[in-house]
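Per Swiss-Prot, the features are as follows:
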type: ACT_SITE; residues: LYS12; note: active site
type: ACT_SITE; residues: ASP136; note: active site
type: BINDING; residues: PRO94, ALA95, GLN96, ALA97, GLY98, ILE99, GLY100, GLY101, GLY102, SER103, SER104; note: ATP binding site
Amino acid sequence: MQALYDLPAPAKLNLFLHIIGRRADGYHLIESVFMLIDWCDTLHFECRADGAISRQDLGAPLPAADLSIRAAHALRAATGCRQGAHIGLLKRLPAQAGIGGGSSDAATTLLALNRLWGLGLSLSALEKIGVTLGADVPFFVRGRNARVAGIGEIITPLAHGQLPPACFAVVKPAAGLETKAIFSSPLLKRASGSATISGFAAADFGRDGDCYQDADFCRNDLQPVAQALCPEVTQAIEWLRARGLQGRMTGSGSAVFAQIPQAPDLGHVGDLGAAPEGWQVRVCENLMLHPLAGWAADED
């Protein structure tokens with residue numbers, strides 16, 4: 001095998017995000033449910049005989065050491081592999097949005113090069129490499145909607161069908177937010193009550209209508225801080241509210257999202273009306289599995 005083309009790197013939404021504490025090393029402990037959506041970057045991979053790692057930006061220019069490049073080098077360092085790769089990356093997912101675009105690129109790179117280079121690493125082995133790149137990477141490697149805890153490395157997949165199919169409006173304001181600025185803010189409360197997986201399983205996520213608005217599982221503890229630092233987060237929520245949609249922030253922002261009722265007149269971006277200049281609005285569906293699910297074995 002010499003090449004793999006058109007591999008997706010999907011975004012995620014945080015249905016809720018609770019900060020329950022902080023480790024001695026400064027990392028925050030979270031509880032959240034991550035849900036995959038069908039808004040994706042696209043990556044291409046070709047073997048290089050000279051052993052070099054390179055990247056071609058097929059869209060907007062990216063930093064020289066973006067997460068796809070870092071993932072390729074981390075995989076080689078962990079395995080001793082000397083093979084090379086050329087990565088083509090078509091970037092659609094906005095940065096500083098809280099939807100995991102860079103982490104998803106890293107996960108797709110790990111899964112793809114594990115196959116392209118014939119390494120045969122398991123999911124758990126790839127997750128251990130992934131967490132060194134970013135807290136969200138193991139989730140994308142695992143490739144299933146999941147409850148996520150710890151600093152992001154404790155992943156409990158949800159039962160198949162627990163999250164019903166739904167449609168979401170995702171709004172990314174022009175302004176972005178640095179994750180570090182959110183977590184270092186003195187405004188951040190770090191003592192949320194713990195949310196159990198059994199409690200989430202009992203929540204109302206299976207009825208018709210706006211089934212993703214259970215009161216106990218739609219809070220993002222980072223949102224008040226983000227709104228204080230970035231007024232456009234509030235503006236985006238108000239933009240959704242003006243259209244009858246209940247918005248909330250995903251991740252560390254600045255993107256917000258809302259479920260769209262299953263109605264024929266609210267299924268396309270154009271139906272939501274014009275957004276302010278520089279904003280991105282995307283109508284997405286949730287995914288039950290990552291498109292590359294099954295690309296690595298579950299066990300060593």
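Yeah, the Cβs are placed from backbone N, Cα and C, and that goes for glycine too.
Structure coloured by features recorded in Swiss-Prot.
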residue	record	Cβ contacts under 8 Å, 6 or more apart
LYS12	active site	PHE34, MET35, LEU36, ILE37, ILE99, GLY100, SER104, ASP136, PHE139, PHE140, THR250, GLY251
PRO94	ATP binding site	GLY101, LYS172, GLY176, ALA255, GLN280
GLN96	ATP binding site	GLY176, LEU177, GLU178, THR179, GLY253, SER254
GLY98	ATP binding site	ASN14, LEU177, MET249, THR250, GLY251, SER252, GLY253, SER254, ALA255
GLY102	ATP binding site	ASP66, LEU67, ALA95, GLY134
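A 10 Å cutoff on Cβ-Cβ distances gives GLY100 (ATP binding site) a total of 28 other Cβ atoms nearby, all chains included. Mapped onto three states, the DSSP output places LYS12 (active site) in strand. In sequence order, ALA11, LEU93, GLY251 are the residues of the same chain, not among PRO94, ALA95, GLN96, ALA97, GLY98, ILE99, GLY100, GLY101, GLY102, SER103, SER104, whose CB sits within 8 A of the CB centroid for the ATP site. In the structure as shown, the Cβ atom of SER104 (ATP binding site) sits within 10 Å of 30 other Cβ atoms.
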